[in-house]
Amino acid sequence: MPSIVVVGANWGDEGKGRIVDFLAENASASIRFQGGNNAGHTVVNDFGTFKLHQLPSGIFNPDCIAVLGPGMVISPSALSEEIAEVKAAGVNVKLCISDRATLCLPLHALEDTLEELRLGDAAYGSTRQGISPAYGDRVMKKGILVGWLNQPDVLLERIQFMLDWKMPQLKALYPSCDFSQTAEEMTQWLLDVTAPWRAFICNVTEPLKALQKQNANLLFEAQLGAGRDLVYGEYPYTTSSNVTAAYAGIGSGLPALRPERVVAVAKSFSSSVGTGTLVTAMEEQDNFRESANEYGAVTGRPRDMGYFDAVATRNGVELQAATEIALTKIDCLSGMKDLKICVAYDGDHSENPIWPQTAALSPVYENMQPWDEDITGCRTFDSLPIAAQQYVERIEALMGVPITMVSVGPEREQMIIR
């Protein structure tokens, strides 16, 4: 297990945190390489139940260093709260936080919110955490680097530089913008709120390269899924970073990374939160959503529910260059009477559609045999009902990539290894 990258094959919420927590038992470092406080990875283990937003899911392994890579945008107060939460549960926190990561400030969250309000019905469905504005500032060379927290004079200078550029634009575009903090006030707030983790700031490339030389096990964790990738997702209803395995090296501080394994995590049905097209959307979603507990980990918004979309998932698996698949939440399908898989799209532009072409597509379904048994206690593939085995095998055939893990519940031990 020298290098494993865990990524999403769908639109996020596939259960990556659960898979990373399972794999982290043998990892020397668990690395987040993109995103920020805009999505949550739910982890259930001996410490409790956690919805991690910025900390890597391997934080619970006492022998594992948790790394926040340079490709991230870090919300400072939220990270402090997250660290306090896991510490309170008895976790020994071992962190390395990249000095090249970008800070996601309350001003960015305000800008994000004002833009969603301005867009009205055309809004992107943002979590309003400030992710897009923070990445935008980075691209415009106005971002605030994490490393400047240890250089207060530089921090103050760069915040003033950003405000001089940003505030006239915000006040012109959003008349209701009432942000009034000075650069001095923002600097002091940042120094206060980051006190719990400033000592962990470093050039993360050095410890990671040292671990590579030792042939240590490195575990890379993506946020969201291929369908939300900035380049290959359903633009403009995407996130603002690259969520593919190809970005793991760049975003983690190891640009020359060549991972041995890429695990694409796919849910056994489709779900999506935010704006965009879910081709396989169910007509009646409420009961299934409730039983599967499908609500956004950050916003609590109900996720749109659909049947397994083999077309979108295969596209995600290919984009991720996956060597294997982890299939999650198959236990939620027990008792479903109408079980089917979308094997193709019908309509114009059915091959590699870009929005809004996706909205005109209709699914071509293949009916599957349902099962009623409770499978949460199954620990081997052969112990699953025949219909459940056939469901997994059919998805595997459609993907062209082996399904090596099947989860039948949220607990660590509820994992079937094939």
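Yeah, the Cβs are placed from backbone N, Cα and C, and that goes for glycine too.
The shown structure was predicted, so the numbers you read here are calculated from the model rather than taken from an experiment.
According to Swiss-Prot, the feature active site, proton acceptor maps to Asp13, an assignment based on sequence analysis.
All protein chains considered, the CB of His41 (active site, proton donor) has 28 other CB atoms within 10 Å. Under the heading active site, proton donor, Swiss-Prot lists His41, citing sequence analysis as support.
Using a 10 Å radius centred on the Cβ of Gly40 (IMP binding site) and all shown protein chains, the other Cβ atoms total 20. DSSP assigns Gly40 (IMP binding site) to coil in the three-state reduction, outside any helix or strand. Swiss-Prot lists 12-18, 40-42, Arg303, 329-331, 407-409 with the feature GTP binding site.
Residues or ranges marked as IMP binding site in Swiss-Prot: Asp13, Glu14, Gly15, Lys16, Asn38, Ala39, Gly40, His41, Thr127, Lys141, Thr239, Arg301. A coil conformation is recorded for Arg301 (substrate binding site) in the three-state DSSP classification, outside any helix or strand.
In three-state terms derived from DSSP, Asp13 (active site, proton acceptor) belongs to neither a helical nor a strand segment and is classed as coil. Look at Swiss-Prot and you will find Asp13, Gly40 tagged as Mg(2+) binding site.
Cβ-based neighbour count (10 Å, all protein chains) for Arg301 (substrate binding site) stands at 13. As annotated by Swiss-Prot, substrate binding site applies to Ala297, Val298, Thr299, Gly300, Arg301, Pro302, Arg303.
Secondary structure at Thr239 (IMP binding site), taken from DSSP and collapsed to helix, strand or coil, is coil.
With respect to Val408 (GTP binding site), the closest of these recorded positions in Cα terms is Asp13, chosen from Asp13, Asn38, Pro302.
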